[in-house]
Amino acid sequence: MKCFAQIVVLLLVIAFSHGAVITGACDRDVQCGSGTCCAASLWSRNIRFCVPLGNNGEECHPASHKVPYNGKRLSSLCPCKSGLTCSKSGEKFQCS
């Protein structure tokens, strides 16, 4: 009986769901607004989102420093904001 109830709930969820809408999706930096870049998703490199540029103390990718970048970014991290640099801090890279 418990399994039957779970199946009914699952079918109701499927019937009333409308699918996911991805806002801020992009392919390249030029599609994003000022102060953002088009970074790859952590879950799938084929999905990209407009993400804010890194602030002081936030994690960054050392090879990803040009905005707008003409190609497709492979990193899920944006470059640092203007005036900040991406430098190694312990085990990771941070904007400073």
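Every residue, even glycine, has its Cβ placed from backbone N, Cα and C.
The cysteine that Swiss-Prot pairs with CYS26 in a disulfide, picked from CYS3, CYS38, is CYS38. Note: Swiss-Prot links CYS86 through a disulfide bond to CYS60 (candidates: CYS50, CYS60). Per Swiss-Prot, the disulphide partner of CYS37 among CYS3, CYS50, CYS78 is CYS78. For CYS50, the cysteine that Swiss-Prot lists as its disulphide partner among CYS32, CYS80 is CYS32. Measuring Cα to Cα from CYS50 (disulfide bond), the disulfide-bonded residues that fall within 10 Å are CYS26, CYS38, out of CYS26, CYS38, CYS60, CYS80, CYS95.
By neighbour count, meaning other C-beta atoms within 10 Å, the densest spot among the disulfide-bonded residues CYS38, CYS78, CYS95 is CYS78. The Cβ of CYS86 (disulfide bond) lies under 8 Å from the Cβ of GLY54, CYS60, HIS61, PRO62, SER64, HIS65, PRO79, CYS80, PHE93, GLN94, CYS95, each of which sits 6+ residues away along the same chain. Each residue contributes its Cα atom, and for CYS26 (disulfide bond) and CYS78 (disulfide bond) these two points are 14 Å apart.
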